[in-house]
């Protein structure tokens, strides 16, 4: 039997390196699991205004807490170590606890030293921390024909982010319902509506955009847009039949024996 | 083992220099740790806003940004170029510790240091065995792992678990889970691994160690000829391996402790009754190698 001419140092080095690598793979695996777990930001945890998209935010935020310190309403809090939560040390807020008051000078963004809160955000109305969704029509008081209106009244972007849309109250038969309607194009996701909802559990909630918004169907070509773009019918030679609608300007009223509306429209002189 | 090594650590120094003299740097260090902590706490506790933020990133008097360079580096490898304010802050911190000694952060600023020191104190009191002692370079591996996970996961990975910033954040913004972290590290250092966290695991310390490779402020065993082999400096040093090359070096070798592991805590200066050590700079390699007939033990082999 021949003994290979290899220094025992080599074996020790390889053994130590393998042990270290193994240990680091275990530790690194645990760390990577935590990192992955922290990516699934809970739905009720909202990032401060101007926060980069979550993946970019997690690489940019150094967890210093300066944004939290600058927040005059103590809206922002820093996440603690734990699973199923925001990444340790990162700032977030829960709208139902303390909503964002949408300061005009956006002090949290100004305080951020790294750009994790995008300094390009100079108008708080452009913030998109999430978007309000009226998640429970069955319990919303306005949907029952009552005039709660609180979410609409407190909205900092009133009449743009939330409007009250009138519709017929079929229960009473002769009342109107004032339906709070969110327009996501204008909603900053501040959470004032969710905070103020009078129900024990809010009927209107701010959800992260990833959950609340669909992406538009890019492959759909809408006939009316195509027609406008072309300035005429998309298909040549198609006959434009009269629309059978009640009201002045349609042929129905002019045609004897045609459709006779059961009501008079105000201001039409009929 | 000589009779001297059996004596309680630091007893001779206390007898010779008095309690204050034998704990000078320890007291200074605790004062420094308290000072830096209070800088951050004056605002939230008393409304005196000198420093805002935490050790991860702060703003002093509204003008001076400071950023932990290890966190900035993780952010960088995760794919984000920090904005100017954070970058300047990181460069300032890099510069200061590159001169003062990287691991000065560990012994003079870090809020975990009193925790691990307390664990070590109790460890010695209870006479526990040193337990698991992973290799010194373990922390470098942990550091590399933290950077690798940062790069792969696109996040500042070590901040998910970093007890240093977690405890500091807990103190500044309100404690919660951070108490658990303090307890975990205390128990780890007490029963699992003596001097385990700071000496073997913590990648923040490893980073600052690398940073201080060429740092200027150094401890020198200039009076090493006066050493009477009581071993007290070894007993108190959190990174014992740094002492021998300077203290027991052959005549003509540098008396400076040049290892980047040295935290410049100054505890060796405190406990030495013979005043072997002193703070100096890395270009001062004067050494008093003349054997002193009064104190040098007869027949000692250099």
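Glycine is treated like the rest: Cβ placed from N, Cα and C.
Now, the feature entries from TrEMBL:
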DOMAIN    B:217-248  domain '4Fe-4S ferredoxin-type'
DOMAIN    B:254-282  domain '4Fe-4S ferredoxin-type'
TRANSMEM  B:34-51  transmembrane segment
TRANSMEM  B:71-100  transmembrane segment
TRANSMEM  B:140-158  transmembrane segment
TRANSMEM  B:170-192  transmembrane segment
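Listed as Cβ neighbours of the domain '4Fe-4S ferredoxin-type' (B:254-282) (distance under 8 Å, sequence separation of 6 or more from its ends, same chain) are residues 9-10, 12-13, 15-17, 22-26, 28-29, 100-104, 106-108, 136, 209-210, 212-224, 226-228, 230, 232-233, 235-239, 241-243, 245-247, 295.
Listed by sequence, the residues of this chain that lie at least six past the ends of the transmembrane segment (B:34-51) yet keep a Cβ under 8 A from its Cβ atoms are 58-61, 108-109, 111, 168, 171-173. Here the transmembrane segment (B:140-158) touches the transmembrane segment (B:71-100). Their Cβ atoms form 3 or more pairs under 8 Å, with each pair 6 or more residues apart. DSSP assignment over the domain '4Fe-4S ferredoxin-type' (B:254-282) gives 5 helix, 5 strand, 19 coil. Across all of the domain '4Fe-4S ferredoxin-type' (B:254-282), the predicted model scores a mean pLDDT of 92. Across the domain '4Fe-4S ferredoxin-type' (B:217-248), DSSP assigns 16 helix, 4 strand, 12 coil.
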